[in-house]
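Q: Encoded as structure tokens, here's the structure I'll be asking about.
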Amino acid sequence: MQMNEPDALFGATRRIGPVILDLQHISLSFGGVKALTDISFDVRQHEIRAIIGPNGAGKSSMLNVINGVYRPQQGDIIYRGEHRKNMDCYAAAKSGIARTFQNIALFKGMTVLDNIMTGRNLKMKSNFLLQAIYWGPARREEIEHRKKAEEIIDFLEIQAIRKTPVGRLPYGLQKRVELGRALAAEPEILLLDEPMAGMNVEEKQDMCRFILDVNDQFGTTIVLIEHDMGVVMDISDRVVVLDYGKKIGDGTPDEVRGNQDVINAYLGTSH
Amino acid sequence: MNISFFFEVLIGGLLSGVMYALVAIGFVLIYKASGVFNFAQGAMVFFAALTCVGIMDKFGLPLWLAIPATVAAMIVLGLAIERVVLRPLVNQPEITLFMATIGLAFFIEGLAQLVWGAQVHRLELPIEDVPLQYLADNFNIIVSQFDVMAAGVCGVMVLLLSLIFSKTKVGRALRAVADDHQAALAVGIPLQRIWAVLWAVAGIVALVAGLLWGARNGVQFALTFIALKALPVLILGGFTSVPGAIVGGLIIGASEKLAEVYIGPMVGGGIEGWFPYVLALLFLLVRPEGLFGEKIIRRI
Amino acid sequence: MNTATATTAAPPPYLSVNNIEVIYDHVILVLKGVSLQVPQGKIVALLGANGAGKSTTLKTISTLLRGERGDVTKGEVQFKGERVDQLTPNELVKRGLSQVMEGRHCFGHLTIEENLLTGAYTRSLSRAQLKESLDKVYHYFPRLKTRRTSQAGYTSGGEQQMCAIGRALMAKPSMILLDEPSMGIAPQIVEEIFGIVKDLNSKENVSFLLAEQNTMVALRYADFGYILENGRVVMEGAASDLASNEDVKEFYLGMSGAGRKSFRDMKFYRRRKRWLA
Amino acid sequence: QAEQFVALPSYRVGPYASGGSGFYGGMIDYFNLVNANGGINGVKIQWEECETEYNPSRGIECYERMKTKNGGASLVEPLSTGIAYGILDRVAQDKVPMTTLGYGRSDAANGKVFPYVFPLITSYWNQAAAMIKYLGDKNGGMDKLKGKKIVHLYHDSAFGKEPLPVLEALSKQYGFELIKIAVAPPGSEQQSQWLQIRQAKPDHVILWGWGVMNSVAIKTAQRNGFPREKMLGVWWAGSEEDTIAAGDAAKGYTSMTFNTPGNYPVIDELRKKVYAGGKGNLSEQTRIGSVYHMRGLTAGILWTEAIRTAQEKFGKGKVMTGEQVRWGLENMNIDEARQKALGAFGMFPPVKTSCDDHEGSGAVKVQQWDGKKWNAITPNWVVGDKALTRKLVEESSAKYAAEKNITAACAK
Amino acid sequence: MFYRETGQFKTSYEADGQILPIRQDRVALLATLAVALLALPLLASPYMLSAIFIPFLIFALAALGLNILTGYAGQLSLGTAAFMAVGAFASYNFVLRIPGIPLLLAFVLGGLCAAMVGIAFGLPSLRIRGFYLAASTLATQFFVVWCLTKIGWLTNYSSSGVITAQKMEILGYAFDTPARKYVLVLVVVALMALLAKNLVRSNVGRSWMAVRDMDVAAEVIGFRLMRTKLLAFAVSSFYCGVAGALYAYAYLGTVEPEAYNLDLSFRILFMIIIGGVGSILGAFLGSAFIVLLPVFLNILAHGLALPTSVASNLELMVFGALIIFFLIVEPHGLARLWQIGKEKLRLWPFPH
Ligand SMILES: Nc1ncnc2c1ncn2[C@@H]1O[C@H](COP(=O)(O)OP(=O)(O)OP(=O)(O)O)[C@@H](O)[C@H]1O
Ligand SMILES: Nc1ncnc2c1ncn2[C@@H]1O[C@H](COP(=O)(O)OP(=O)(O)OP(=O)(O)O)[C@@H](O)[C@H]1O
Ligand SMILES: [Mg+2]
Ligand SMILES: [Mg+2]
């Protein structure tokens with residue numbers, strides 16, 4: 001991986017593919033609270049799809065539905081042509097959906113490296129007895145995955161904190177490590193929940209670059225929740241807007257920017 | 001099946017359950033206030049009871065004077081625990097605090113026997129532990145009047161504490177503390193003072209439990225073991241609920257007695273040691289936070 | 001800004017942090033002598049990259065550091081002319097200094113309203129006064145009102161952030177330490193939050209020390225700013241001066257000579273230029 | 001001058017501290033008395049205590065630490081079944097004789113298999129047999145036991161189950177119904193057990209309890225209106241600690257004992273020579289002559305007598321090795337005349353040991369609590385069916401020998 | 001200045017993944033092992049071997065087991081002694097009933113039995129968390145001991161429910177002296193510690209820690225909660241089971257079920273908390289602390305010539321106070337103190 005080389009990036013071409021994930025008429029409520037009401041939208045291969053909306057609109061809940069943390073009461077999820085009523089976490093992970101969380105959900109007691117290695121767990125095959133003996137295949141496997149993890153560490157420029165327990169890291173770095181953990185799974189779809197919260201502009205720029213590179217380089221499809229409109233408008237291909245659990249807009253950044261409902265509900269007049 | 005015998009077992013169980021609840025309440029208080037599972041509660045019960053009879057024996061004071069003296073001792077103990085043990089451990093993981101209370105238990109046990117000696121004492125409360133004549137004569141059901149009184153005391157305590165927790169801002173503050181020490185400090189809840197008060201109150205509750213249990217079993221080291229009887233009550237009722245302690249106590253008491261009498265003989269008896277735990281465990285499978293406990297929030 | 005008292009002579013610092021040094025876990029040196037002042041009735045912004053030590057500075061001031069195994073090994077903190085680094089957080093809140101912690105820290109099992117009510121713990125208020133304070137917070141954050149009976153643990157990230165800010169306001173402090181208030185908040189609410197800050201500042205003369213990543217907004221509202229890097233203050237000055245400083249523009253505002261650049265057009269990772277280290 | 005070193009892995013904290021302090025207090029008091037009187041033919045006794053907390057692991061450490069000290073320990077008494085088990089093999093290897101007064105393995109009475117273990121005076125099996133004998137006598141003859149109901153209320157552990165073979169065999173033999181009711185340790189709650197007992201309406205309740213279980217049993221019996229006179233406890237349920245804790249409820253309660261309560265010249269001497277000089281081991285003088293204290297005194301007497309016996313064979317005024325003391329323990333004969341000389345006539349049954357019989361007696365008494373103190377209610381020592389228990393001893397020790405590959409033989 | 005890793009660069013991930021990446025540490029560990037295995041059996045007194053080192057190692061093994069469950073997988077358990085009991089009584093029965101079975105195989109089988117019991121009692125952990133689970137694990141403790149006293153077959157119908165561990169013989173070689181027993185225990189414990197270290201630094205270990213730190217996130221990443229938790233219960237119980245068997249065979253000899261009581265469970269728990277939750281080294285340090293401290297205090301109290309009842313109670317109080325003291329100084333246990341000490345040494349003589 002040589003993403004640090006700008007030339008490599010100029011050459012890459014982004015090709016938006018067919019719909020890979022289609023959400024149809026999703027409704028989700030908790031007791032009396034309606035978090036999502038009849039929401040449908042789709043995600044195409046290779047695209048960067050943003051979800052925006054005011055606080056409590058149901059954005060995070062949407063991601064939770066996509067990867068099976070929440071089970072919607074209604075609706076259909078079609079992922080790679082397969083219909084399902086809902087996902088379950090394990091199946092989602094297995095089929096290539098990885099994510100980051102709004103309230104950082106790193107494993108606090110583990111080092112950065114270990115956290116990133118956990119992202120590769122689904123790719124590890126040797127059983128626990130072999131691992132206990134740590135000989136032969138288990139050892140080779142561990143080293144091979146360690147290499148991948150190190151590539152990600154290099155990519156995210158967090159070499160220096162490799163062996164630091166994540167609990168000690170400042171907020172912004174934790175966000176980056178979490179991205180690393182998701183990337184380690186080499187996902188097909190990457191769900192990012194406010195990856196740039198708590199970062200300054202410079203760090204956001206870096207993060208954007210990471211996201212764009214992942215998208216370019218691996219063709220990873222990205223679903224992104226972000227409150228920084230600058231970021232959303234600059235890097236996403238299409239944007240869904242939610243408000244009070246309802247979809248109020250969907251389209252290219254420019255379309256959304258012009259949508260009066262969206263302006264009223266979310267963007268305000270200053271944008 | 002003999003119906004009156006069944007009722008006798010049931011009532012006996014319910015009343016024992018009240019006695020368990022008495023100890024469980026002490027746990028609840030501490031858990032509510034700090035999210036700490038206070039392993040030293042049993043030791044505190046022992047310490048309180050022993051101090052009370054110790055004062056009576058050594059200084060020849062009557063019971064009604066020994067009790068306030070012991071209350072004072074328990075308050076001092078509560079303050080000391082806060083200052084020396086809890087304050088430096090603010091915001092530490094629960095397991096660390098739990099462990100500290102184990103150290104505390106050793107300390108208190110050693111202290112109690114160091115000060116008051118190792119021998120067993122008797123403790124006579126003004127109310128005798130004999131069957132209520134009326135019930136025995138008319139229904140052939142034996143219910144000890146002592147137990148009835150204990151139930152009354154327990155009821156009053158539950159009522160009082162529930163009121164404090166539900167009607168005052170301290171109650172709310174306690175729940176806040178149990179959720180997040182740091183944030184509680186940040187909003188200005190005087191954690192230290194609250195803890196000190198709560199431990200002192202838990203000490204007084206321990207004294208009540210110690211007096212009742214001590215009158216029943218003798219004041220001896222084994223009083224520390226009754227904590228083991230209170231645990232299933234606690235998990236069944238929920239760690240954070242005072243009414244839960246009493247409801248849990250009744251359920252555990254009744255079912256353990258019924259099980260020992262009706263199932264015990266089939267398997268060789270002595271099942272009271274584990275039966276309440278297994279029962280509570282099965283119950284938790286349905287409600288992982290106990291009957292009235294706060295639901296554990298697992299969300300990302 | 002409080003124009004009535006504004007004179008040319010610098011007002012005595014309301015809060016002053018003198019040369020503090022902080023070590024975590026006995027070995028990790030995080031602050032290497034940080035000094036800063038907040039004059040009464042001013043808004044001071046604390047800027048810096050991830051890990052610069054902003055949160056640590058705020059926690060040192062509010063003495064919440066102890067709970068995280070951090071030690072202040074040098075320096076002192078003064079609030080209203082009194083040394084406060086040995087006080088408990090409770091005493092500080094009573095003296096009028098409140099902190100909104102980074103990462104929300106709501107009481108998950110309490111409802112939103114109960115969360116807000118705990119905020120008023122240090123004040124003994126009548127029912128009516130309490131209601132009034134609550135209404136004020138609900139007025140600032142209407143979203144909270146609709147969720148007032150939900151357990152905070154089940155509300156959305158932004159709602160929790162609002163709850164945390166609202167909770168601090170309930171104590172009616174005269175000085176607020178705000179740690180990343182805009183994090184996870186929708187843009188127009190961010191504006192509103194800063195509006196509230198300005199409002200409290202000018203109407204009730206509340207002073208603010210805010211650690212903020214959204215430099216653009218922060219400098220717009222602040223009077224004064226400090227830039228922290230690797231546990232040291234590397235630059236300080238009036239907000240307007242900082243905003244026009246070329247380096248600050250480049251690193252913190254994302255603007256180069258030609259104005260704002262699109263995020264998509266960033267083709268290079270930043271080779272961080274630093275004042276120090 | 002050389003001293004005879006003995007090891008006391010004692011416990012003075014924790015749940016059993018009251019018993020431990022009384023028992024070891026008695027032993028130490030007696031050693032002090034012996035030393036004050038010039039020792040055993042001039043050889044003073046030297047002892048060391050080590051806190052075990054009644055915990056096997058710590059007990060073993062104590063034993064290992066003390067066994068080589070001061071030229072080697074020549075006797076040990078852990079007063080804890082768990083610790084006794086833990087050092088059972090070790091004492092044989094190290095040649096340190098261990099006494100287990102009234103507890104531990106009953107089959108250790110067979111000295112051919114357990115050369116270094118001495119369950120002196122009486123074992124659980126003989127006690128159980130004696131209990132039935134007593135109950136038979138009380139009912140007017142063993143044949144009167146037919147059709148009677150006896151409840152065995154026991155501590156649900158190895159300890160409580162130990163007498164079952166004896167009781168079961170006797171129940172078959174004499175035709176009484178044996179109802180076994182277990183109490184889950186520690187036994188601080190027994191309502192259900194006593195309701196069951198009330199339901200069964202037994203003629204007697206044998207209380208095979210330990211620690212808090214005893215006082216709770218007595219109390220709960222009272223709560224359920226069961227007469228205490230019909231309760232017969234083991235000797236671990238027959239001390240002041242058990243009855244005082246139960247308060248008035250204990251009045252009339254009976255238990256077994258192998259010490260006759262009362263005052264003895266040796267105790268008077270103790271007060272004069274030891275306590276008057278401030279060297280008494282008990283912190284409360286009221287406990288002098290209490291059950292545990294007297295049991296400790298008895299142990300002290302047996303130990304000194306064993307050493308004395310050994311000296312007679314191996315040289316008076318010399319320090320005996322563990323092996324030599326073992327011989328002494330195996331060849332003791334404390335008859336009534338000797339007891340008189342010791343000022344302890346009747347305090348414990350006469351003891352005569354041999355290689356076949358490490359127990360040396362098997363006789364016990366029954367005592368009753370009158371609300372203030374214990375009184376013996378059997379004038380003579382009660383002995384049960386020793387043929388039966390002997391058979392069990394043989395069988396069980398043979399099994400142990402087989403498992404351990406030991407060839408049974410008397411040590412020289 | 002003498003504890004520096006300067007100049008030691010890792011050229012491969014393999015080298016970096018070593019158990020002890022710093023050369024000094026490796027040398028020190030090997031030296032310790034060599035001394036423990038070669039010198040100690042010859043030099044140490046039988047007392048040290050049989051009353052200190054053997055229980056120290058056995059408890060360390062049990063603590064290791066508990067640490068896997070509690071420290072790594074985050075499931076607080078108060079039933080450790082029960083698993084030890086299962087291991088001991090099962091091994092006893094294997095040796096008794098299968099003539100000629102190799103002793104070590106019997107230990108392993110005993111451990112496997114414990115693992116199965118562990119899995120059974122681990123099932124509730126899928127729903128129950130925290131102290132609720134901890135209190136529930138007491139069910140294991142009481143139930144297992146109850147079974148052992150009730151089911152005569154398990155104790156070969158010995159009248160009192162006591163078992164006598166058979167002679168330890170491997171390939172005709174009898175392990176009957178303290179030194180021999182010690183060597184056997186040491187080898188078993190060292191091997192199992194190595195395996196445990198391997199486990200916790202590979203994917204299984206990470207899955208445990210992930211579940212411990214945040215189980216919802218672990219699930220999202222693709223760890224299966226049920227499998228992970230049950231595996232932790234199984235492995236942990238296996239370790240405890242083997243430790244229990246060693247406790248019976250190499251230490252106690254004759255054992256009643258009561259020897260595996262709640263008290264023992266708590267002692268093991270102290271060990272991991274004092275030593276360091278989630279650290280292999282911590283299990284050893286904790287075990288040393290809990291085994292040695294009472295002995296040390298006891299000897300100290302003797303030296304002061306206090307009346308024994310005072311001394312004993314003071315001992316207990318000091319023990320309790322020291323636990324609290326250590327927790328305040330370092331909540332993460334001795335292992336962390338050790339680490340901090342090393343970090344300080346690395347910086348020495350410059351303060352920072
Ligand atoms: N509890 C802790 N233990 C050890 N180190 C810590 C701890 N908390 C913070 N640190 C370290 O202190 C440094 C400063 O952290 P701090 O949280 O103050 O940064 P910050 O400026 O607030 O960053 P951010 O913008 O990401 O919130 C970081 O390098 C971090 O690794
Ligand atoms: N597990 C839950 N139980 C109850 N209510 C929930 C739960 N999860 C989400 N909600 C509610 O559903 C609504 C949508 O929440 P969600 O977290 O999806 O918002 P969001 O769009 O991500 O907002 P933010 O930008 O503030 O993060 C909120 O009102 C929240 O309180
Ligand atoms: Mg969200
Ligand atoms: Mg910060």
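Note: Cβ is positioned from N, Cα and C throughout, glycine not excepted.
Straight from TrEMBL, here's the annotation block:
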- E:27-44: transmembrane segment (TRANSMEM)
- E:50-69: transmembrane segment (TRANSMEM)
- E:76-95: transmembrane segment (TRANSMEM)
- E:101-123: transmembrane segment (TRANSMEM)
- E:130-153: transmembrane segment (TRANSMEM)
- E:182-200: transmembrane segment (TRANSMEM)
- E:230-252: transmembrane segment (TRANSMEM)
- E:264-284: transmembrane segment (TRANSMEM)
- E:291-310: transmembrane segment (TRANSMEM)
- E:316-338: transmembrane segment (TRANSMEM)
Q: Using Cβ atoms only, state whether the transmembrane segment (E:130-153) and the transmembrane segment (E:76-95) have three or more pairs under 8 Å that are 6 or more apart in sequence.
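A: Yes, the transmembrane segment (E:130-153) and the transmembrane segment (E:76-95) are in contact.
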Q: Hey, which of E:27-44, E:50-69, E:76-95, E:101-123, E:291-310 has the most Cβ-Cβ pairs under 8 Å against the transmembrane segment (E:264-284)?
A: E:50-69
Q: At a C-beta cut-off of under 8 Å, are there same-chain residues at least 6 beyond the transmembrane segment (E:101-123) that contact it? List them, or none.
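A: Contacts with the transmembrane segment (E:101-123): 75, 79, 82-84, 86-92, 94-95, 137, 139-140, 144, 168-171, 188, 229-230, 232-242, 244-246, 249.
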Q: Could you name the stretch, out of E:27-44, E:50-69, E:230-252, with the greatest number of CB pairs under 8 A to the transmembrane segment (E:291-310)?
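A: Going through each listed stretch, the top one turns out to be E:50-69.
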Q: Answer with yes or no whether the transmembrane segment (E:316-338) touches the transmembrane segment (E:230-252) by the criterion of at least three Cβ pairs under 8 A, sequence separation 6 or more.
A: no
Q: Where else in the chain does the transmembrane segment (E:316-338) make close Cβ contacts, counting only residues six or more beyond its ends and a cut-off under 8 Å?
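A: Residues 270, 272-277, 279, 281-282, 285-286, 289, 293-294, 297.
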